[in-house]
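Following this message is one structure expressed as structure tokens.
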Amino acid sequence: QVLILKGLKQQVSCLCPSPDGLHLAVGYEDGSIRVFSLLSGEANITFNGHKAAVTALQYDHLGGRLVSGSKDTDVIVWDVINESGLYRLRGHKDAVTQVLFLKEKNLLVTSGKDTLVKWWDLDTQHCFKTLVGHRTEVWGMALIAEEKRLITGSADSELRVWDITYIQEVKDPDEPESKKNKGSSPRAEENTEEDETLELDEQPEERLVKCSKVGSIMREGRDRIVTLATDQTGKILACHGTDAVLEVFSVLSEEEVQKKVEKKMKKAKKKAKQDSEEEPERSVELSLQEEIQRVTNIRASSKIKSFDLILSPKGELKIVLLLQNNIIESYNLNLSTQVPQAVRVSKITIGGHRSDVRTVAFSSDNIAILSAAAESVKIWNRSTLQCIRTMDCEYALCSLFVPGDRQVIVGTKTGKLQLYDLASGSLVETLNAHDGAVWSIALSPDQRGFVTGGADKCVKFWEFEFVKDESSVQKRLSMKHVRILQLDEDVLCVRYSPNQKLLAVSLLDCTVKIFYIDTLKFFLSLYGHKLPVLCMDISYDGTLIATGSADRNVKIWGLDFGDCHRSLFAHDDSVMYLQFVAKSHLFFTAGKDSKIKQWDADKFEHIQTLEGHHQEVWCLALSPNGDYVVSASHDKSLRLWERTREPLVLEEEREMQQEAEYEESVAKEEQPVVAGETQGETGLAGKKTIETIKAAERIMEAIELYREEMAKLKEHKAICKAAGKEIPFPVNPILRAYGDITPSAYVLEVFKKVKSSELEESLLVLPFSYVPDLLRLFSEYIHLGSEVELLCRALLFLLKIHFGQITSNHMLVPVIENLKKTTISRVSEARDVLGFNMAGLQYLKREIEAKDEVTFFADATDRFEEKKRKRKKKEKMVLAVL
């Protein structure tokens with residue numbers, strides 16, 4: 001492991017490295033994109049524009065622009081250098097699955113789950129072509145043959161191949177240069193009747209690009225494409241479905257195609273000569289299967305999630321696979337051999353589980369943690385977080401440490417109890433305990449035995465005993481069945497009261513029945529839940545029992561009369577696990593809503609929420625001293641939480657929760673409407689977030705301070721004039737903190753601190769009453785020549801969104817006239833400086849290259865001389881030996 005890039009709370013949904021290999025763009029589930037520097041490991045840029053998970057990311061060939069597609073059906077193009085959004089492209093009716101830039105042309109291709117492939121002209125920001133030849137969702141796309149072919153993969157086993165012909169448009173003197181596209185493919189073909197394309201343009205003829213279907217390549221997989229990609233050279237194409245097979249194809253280059261055609265022509269001529277002299281020459285063409293050849297299939301050890309590949313100059317293909325069960329595998333494929341075979345070189349696997357952990361337990365000394373899943377039981381060291389033991393098991397559902405912490409017992413889905421010895425890491429004994437799943441296990445308070453509840457409607461009591469081991473002289477621990485309690489419904493959970501007088505049993509009929517342990521007589525029935533009780537626990541003093549149900553509620557009952565003290569709406573989905581903290585009436589709950597919550601059973605208050613898991617939390621365990629919580633989730637992770645010494649103030653927690661709710665509601669609000677902009681194909685790239693609102697508030701506060709200071713200054717001048725002498729002017733403490741700057745300079749400082757990606761959205765929520773002052777200040781700043789680029793960008797945006805109000809305001813006419821003069825002159829000055837610098841850098845580049853050539857030749861001469869000397873020395877030695 002070399003580097004960890006720390007994100008926020010959201011799950012990563014998409015990755016894309018920059019062409020220079022120095023940055024990594026990361027898309028998240030909440031729609032945000034962060035660009036990390038791989039040198040420092042820090043996130044330099046954050047883009048907020050999507051409302052749902054980012055599904056596709058792609059850099060252009062220079063790395064200056066980044067395009068993102070999302071589940072919210074929008075495609076957004078971002079400027080990485082200026083750290084801002086350029087524009088939003090709307091058109092897809094379902095989630096976007098892939099986005100591709102074309103290197104030579106300023107074009108973009110996008111595919112979506114709406115079965116469409118769209119072509120966008122980025123000069124005019126509109127969709128000029130839509131391919132409709134797919135009957136199901138388009139899950140992947142790739143460009144091959146120097147971007148003259150497009151391959152699309154959908155929900156069937158066909159890879160559809162499309163020929164792309166770039167149309168050289170006739171130059172119209174009235175049309176701007178930016179709309180022209182030159183260059184044409186030599187493979188121009190007539191549009192046949194089978195061409196499954198639809199032109200969504202005003203003109204009937206094709207524009208910019210002509211796309212015709214060539215044919216299909218059949219995959220071996222029957223299910224949908226998950227990932228379809230090529231290597232950087234475009235010579236290798238690979239794809240996989242929802243199974244464990246990666247299919248690798250080789251794409252012939254134009255030279256190779258030409259050679260094959262010539263070979264075929266020779267064969268055809270030879271055959272024609274043999275058959276008859278008069279047979280005319282036939283034109284020979286390669287079939288699609290010959291141009292795109294299957295290399296091999298690579299079968300991974302589990303289902304593939306995604307992959308990447310690199311073709312080395314020596315012709316060796318390196319493939320890395322990320323599998324569904326948390327393993328990364330690396331394969332090498334030698335393409336020069338007659339029958340290429342993939343060899344697994346290495347795999348990265350940490351000591352975690354390969355399936356969901358369904359039960360966790362703490363040892364009595366708080367040091368060891370047990371976790372059990374469908375395939376294994378693992379013992380972890382809490383302090384080092386290392387896996388100490390791994391033991392194979394059946395599908396585990398519940399577990400406990402035997403007193404003494406030297407053995408563990410696991411209850412399985414098949415109704416067995418498995419006893420493991422930790423010292424040897426071996427399975428000591430297996431008992432058929434229940435006819436159905438063992439749903440729950442609980443250790444008796446006197447530590448002499450335990451109780452199990454199963455799907456066979458039985459509660460069974462067990463005792464520990466020592467029996468003679470046949471293989472050794474020593475006695476070993478075993479389990480003896482002593483009593484049975486037969487019930488009318490499946491048992492979901494069992495718990496002892498701390499004084500070992502009562503036993504609580506949760507049943508499938510949504511009730512909890514309480515029995516006396518000594519006589520097994522019925523004592524109480526707790527009913528009130530609408531769905532079955534999945535978990536429960538009894539407090540240390542035996543006065544309270546808390547029950548968590550699939551109806552999302554937690555109910556707190558008194559154990560003396562079985563009265564319900566309070567019902568709490570605990571989670572947004574089923575409550576999966578509940579446990580009291582030792583020596584207190586606080587308890588933790590885990591829910592299918594991926595949250596863990598702490599509650600107070602005396603005051604019936606929610607204390608705190610532990611957020612970290614991304615999917616359902618199946619179970620948790622508290623350490624006996626109450627300092628640690630370990631939780632297991634469907635996101636394949638085990639998380640360890642530690643109690644800090646920091647005091648928890650409930651009022652502060654409530655405030656933070658309210659703030660978070662407000663921020664969420666702001667993000668869900670309707671986006672502000674831009675004057676003069678219709679809800680068409682294009683729109684603003686950014687979105688309204690709490691950060692953009694705060695930035696707008698900071699600008700408003702700065703302008704208000706500027707107004708106050710200017711009014712005070714005017715008043716101060718009048719007083720000085722009246723007094724006839726100079727009176728010192730009191731400086732505002734905020735301005736003093738910035739180093740005694742002027743109020744107008746302070747506004748510029750605040751303005752400069754607004755993130756580039758949030759500038760437009762911040763100006764959009766800024767009330768118009770602040771705009772006149774801002775325009776006057778802009779005029780002042782641009783005249784001084786400071787921050788010309790930033791100010792021109794803001795100025796043009798403000799003029800666009802407030803055009804009507806600005807033009808109708810006579811007070812602003814001189815300001816606008818002044819801005820017109822100063823901006824044009826300042827921008828041309830900035831362009832001159834840039835041009836001069838570019839010319840200087842190019843000159844330096846030429847100088848360095850010339851020097852390098854000279855040194856290169858000098859090095860070569862030196863090496864040649866050295867080789868000559870060595871050869872002479874060797875010859876002398878040989879002569880001496882002779």
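Just so you know, glycine gets a Cβ as well, placed from its N, Cα and C.
What TrEMBL records for this protein is below:
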- 5-46: repeat 'WD' (REPEAT)
- 47-88: repeat 'WD' (REPEAT)
- 89-130: repeat 'WD' (REPEAT)
- 131-172: repeat 'WD' (REPEAT)
- 172-204: region 'Disordered' (REGION)
- 251-278: coiled coil (COILED)
- 350-390: repeat 'WD' (REPEAT)
- 431-465: repeat 'WD' (REPEAT)
- 526-567: repeat 'WD' (REPEAT)
- 568-609: repeat 'WD' (REPEAT)
- 610-642: repeat 'WD' (REPEAT)
- 744-846: domain 'Small-subunit processome Utp12' (DOMAIN)
What does DSSP give as the helix, strand and coil breakdown of the repeat 'WD' (350-390)?
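DSSP classes over the repeat 'WD' (350-390) add up to 0 helix, 19 strand, 22 coil.
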Please list, for the repeat 'WD' (568-609), how many residues fall into helix, strand and coil according to DSSP.
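Helix/strand/coil tally for the repeat 'WD' (568-609): 0 helix, 25 strand, 17 coil.
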Take the repeat 'WD' (89-130) and count its residues per DSSP category (helix H/G/I, strand E/B, coil), listing them in that order.
0 helix, 23 strand, 19 coil
List the helix, strand and coil residue totals of the repeat 'WD' (5-46) as derived from DSSP.
0 helix, 22 strand, 20 coil
